[in-house]
Structures are given as C-alpha cells and as structure tokens.
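Here is what Swiss-Prot says about this protein:
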type     : residues : note
SIGNAL   : 1-16     : signal peptide
TOPO_DOM : 17-530   : topological domain 'Extracellular'
CARBOHYD : Asn23    : N-linked glycosylation site
CARBOHYD : Asn24    : N-linked glycosylation site
CARBOHYD : Asn38    : N-linked glycosylation site
CARBOHYD : Asn54    : N-linked glycosylation site
CARBOHYD : Asn181   : N-linked glycosylation site
CARBOHYD : Asn301   : N-linked glycosylation site
CARBOHYD : Asn499   : N-linked glycosylation site
TRANSMEM : 531-551  : transmembrane segment
TOPO_DOM : 552-566  : topological domain 'Cytoplasmic'
LIPID    : Cys555   : S-palmitoyl cysteine
LIPID    : Cys562   : S-palmitoyl cysteine
LIPID    : Cys565   : S-palmitoyl cysteine
Amino acid sequence: MKTIIVLSYFFCLALSQDYSESNNSTATLCLGHHAVPNGTIVKTITDDQIEVTNATELVQSSSTGKICNNPHRILDGRDCTLIDALLGDPHCDVFQDETWDLYVERSSAFSNCYPYDVPDYASLRSLVASSGTLEFITEGFTWTGVTQNGGSNACKRGPASGFFSRLNWLTKSGSTYPVLNVTMPNDDNFDKLYVWGVHHPSTNQEQTDLYVQASGRVTVSTRRSQQTIIPNIGSRPWVRGQSGRISIYWTIVKPGDVLVINSNGNLIAPRGYFKIRTGKSSIMRSDAPIDTCISECITPNGSIPNDKPFQNVNKITYGACPKYVKQSTLKLATGMRNVPEKKTRGLFVAIAGFIENGWEGMIDCWYGFRHQNSEGTGQAADLKSTQAAIDQINGKLNRVIEKTNEKFHQIEKEFSEVEGRIQDLENYVEDTKIDLWSYNAELLVALENQHTIDLTDSEMNKLFERTRRQLRENAEDMGSGCFKIYHKCDNACIESIRNGTYDHDIYRDEALNNRFQIKGVELKSGYKDWILWISFATSCFLLCVVLGGFIMWACQRGNIRCNICI
C-alpha cells in the first residue's frame, strides 16, 4: 500500500508542471510567422523542393493568340510577301510607299507575276524589313535605242499584260539592242537601294527574239562594288505559263557615289530607288490575327505580356520582350518558408512558437505574437518585422525583369540551300545561347529564392532576440519559440513587450520570487521518465523483498514446505 501511495505521489508531481503553467502568476508568450495550408514549391541553391507561403511565376507560357496593333505599327502583308511588295507585283500595289514597325508575312502569301528568284533573298528581305518603309523615288534613267516597259501574260495588271511596277523590262528596238551605259550619281545624304534584274530566257530563239545578241551581259557597279551577270539560257519548270526566269539583284549607293549600269541585253532595269532608313523595324511570319489592343511584345503565336522576365512561347520576338528560356515554369519566392500549422497539440492545447510550426490566419502580417495569461489567449501582428522583410523583397521581380528583358527584337534568320552549313552553325549558336540563358535563369531564380528564405528566417530570429533581450531573467526560453514569463503579465504587459516599451525592472522581484517557488516543486520534463522508472524499479524491488520475507516466514512456521529433488 505504501508503494502505491509513493507511485501516485510521483505521478501527480510529474503532471503538476502542466497545470502550474495556467497559474495566474505566470504567462506564456510565443513568437511565430505566417503559414498557409498549401504552400508553393520553389527551388533554391541548396534545395530543389522547398515550400514557401507565396511565389510568383516568372515564365510567360501562353500568348493572347492575336497581334496587338499598339504601340507598334503593324503592317499586315495579307497575300503579299515583302519582296513582292518591294518589286511591285500587281496584286501588291496597295503596299506602295507603306511604312511599318513590324511587317507580318502570312503563309497564304503568293507571287502573281513573272517567276523570279533572289540569289540573296534573306539579306534583301532583312534590309528592307529593318528599313521599315517601301518609299520609292522614281529617277529619270535614259535608255536609248531599246524598247521600255516590257510586259508578260504571267503578270496581268487588269486585263492587259504587265510587269513589276518598280522594274523596267528593256527589249530590242526594231532589230537592234545597242550597248547601254547609264550612270546615276547619288547627290543626296542618304543611302539609296537600287533593285534590278537579269532575264534568263528559256530558249536561244527567245534570247535573240528579245535581245538580238545570242548572249547578253549585265554589269552594275559603284566605286565600292561590281556585279557582272551572264544570263543562263535554258528551259525550267513552267510557272504561270513561263519557263524563263528573272534573277533579282540589288545595289546600295552611298552618298557621293555613282551607280553605273552597262548591258548589251537581258537587263531588267530599275525605275528609281528605295530610301534606306536605319531603325529597328522588322518582319515576322505569323498567321495570328491583328487586333486593336496594346502589347509591347509580339511573337508569331501572338502578343504576350512583358511583365515577366522569361517566356516559353517562341524564340522569335519583336519589341521589349521577356527572354526566351526552355523551362516552362520558374517560380520566384515572394514569401517565407512555409511550415503548415499543426491542428492538434495534445491534451492541453498549448500554444506553440515558430520552431514547432507556422501560424495560419495571419493574413496581413508575416510575423506576430501569441500569448496565454490570466485573461485568456490572444494574437497580434508585428508590423515592424513584417515591413522590414517586405521592403527588401518588394522590387525583386522588377529587378529580375530589368536584367533580362530584351529591348530589341530577335529576327528570323534565313539561308539559301547553298548556305546550309551556315544555317546549321546559326542554329547551333542559337540553341547554345538558349541553353545558356535557360541555365542562367534557373540559377538567378534559385539565388534570389535562397536570399528570400534566408532573409525571412533572419527577420524571425531578429524578432526573437529583441524579445529575449527585453524579458531578460524575467522569463525563460522554452526552446520552441516561446517564453515562460515568471510574473503576472496581463494584456497591457503583453502589449508593452510587443511594442518594445516593456520594463523588466518593474517585474524583476516578482519574477525571481515566482521562479524560485515554481522551481521548488517543478520537475523538468526531462526527469519525469527517470523518476517514474526509478519509482517503478524500487517498488518492484520492495515487492520482491516482501514476497521473499513472507515465504521464509511461512517456511519457518511450517505453513509452506519446499522439497528439492536431485
């Protein structure tokens, strides 16, 4: 019976600590941070899977599906390629003297004039596209002894045969085609683009019928360059009723230079020049519709917002656009490390601090206090720590955008079949650049995320240290982000701790007195198990001694007989 009494005493003593915490002479103050039930997973330098309370997506992965016509001037090419509009194909006359920021070529575009090729198609297309205008100035070339304004049934302008409006097809006059030698100086202060051509007849008969000579020659030169083209006579696949071809060439004449044209046949002469302007106009192949809206960034898929630093829509862009990366998602942490709140905390539902878990429900603040005292429980935010963290995180997204947004366009690059190896090299270089940028983007975001998490953890620790320095010996660090305050601390007292006006000297004597009284009977949780086990072992030992003594007493009285057989 004595053993049972002793065990009951120790058990009650072990539990007395829990109940003593609710004593009116003490209080508990816990520090915590914001938490959400379901956070967002982000990457850091040290961890690929870390949960935060909030994060912002940095990769734009979808377009509007339409091209916005503001603030950029968009010219819809409709049925005309840029080169057809440049040459003056009859069905492209509407584009004469047009200007643009972005010329949109459609997959439905077609040529509807004499079949031609441009040996340096990509360069001419890029040159005209970047110039941003089809402004054309007619000049008075003098072509003596030849017939001008040749036409073809393959190039109808209305019911009659026609030709490219910016070119002049010269043929024999009567039975002669004299040697032509024409000069045209550039007396202006800008570059001039002259477009000209050479006709390749399908047969020798066609050659002599048009130009008399069995073989023609065209030479176009300036002080800086010279091009000599000899026609290639021969049959080619029929296109719009023609097996002959025209090759289109171009020459840029600088201010103060002179254009010289020399030919004895097969010349497709220029009628004037195009003004070359330097700018950031461009061209893009796209079938996206053009709509009235505003967007700084345009891709072949349509316009996209540029409020993110990266995009995964298309590597061809125009305008101020996010940098293209391979990743479909990169999340920037804009909140702290998330530790979801535990819903059950044992029999007594004690409050807990940030080391155990976060607190849900702190919508307006990231850091705060919870307390338990004689007046009940409560919670309040710490605006100072919250604002300190937010100030450092705000602007992080804008800084990333400033570092990565391209203020120029990434144009399409085209090469002829002869330049296939250059095309392969260009593709390799572009792929390498994309790989490098994708890696840099992931590294940049991981670094920023690491900084954000370290920053928010640091602010939590600063708040804890600030509180600990205020309380000093009046409270004890419970090791879970909480303090046990050894004096009566009502709501006004708790508020003074939160706002930094707490005076520990006022409560020092009461706290020391209560600490000694409580410590006199308080058993630390670390010793409870030891005492219980020692009590149990002692009880068992005493029980065995009593049982052994009883057996020996009974044997002496003869009440118990023990026989040992060998």
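The backbone N, Cα and C atoms fix where each Cβ goes, and this holds for glycine too.
Location within the structure of each feature annotated in Swiss-Prot.
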residue: Asn38; record: N-linked glycosylation site; Cβ contacts under 8 Å, 6 or more apart: Pro340
residue: Asn54; record: N-linked glycosylation site; Cβ contacts under 8 Å, 6 or more apart: Val36, Gly39, Thr40, Ala333, Thr334, Gly335
residue: Asn181; record: N-linked glycosylation site; Cβ contacts under 8 Å, 6 or more apart: Val260, Ile261, Asn262
residue: Asn301; record: N-linked glycosylation site; Cβ contacts under 8 Å, 6 or more apart: Ser63, Gly65, Ser286, Ala288, Val313, Asn314
residue: Asn499; record: N-linked glycosylation site; Cβ contacts under 8 Å, 6 or more apart: none
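When secondary structure is read from DSSP and collapsed to three states, Asn499 (N-linked glycosylation site) falls in the helix class. In the three-state DSSP scheme, Asn301 (N-linked glycosylation site) falls into the coil class.
Under DSSP, Asn38 (N-linked glycosylation site) is assigned to coil, being neither helix nor strand in the three-state scheme. According to its DSSP assignment, Asn54 (N-linked glycosylation site) is coil. Within 10 Å of the C-beta of Cys555 (S-palmitoyl cysteine) there are 12 other C-beta atoms, taking all protein chains into account. For the topological domain 'Extracellular' (17-530), the model's average pLDDT works out to 86.
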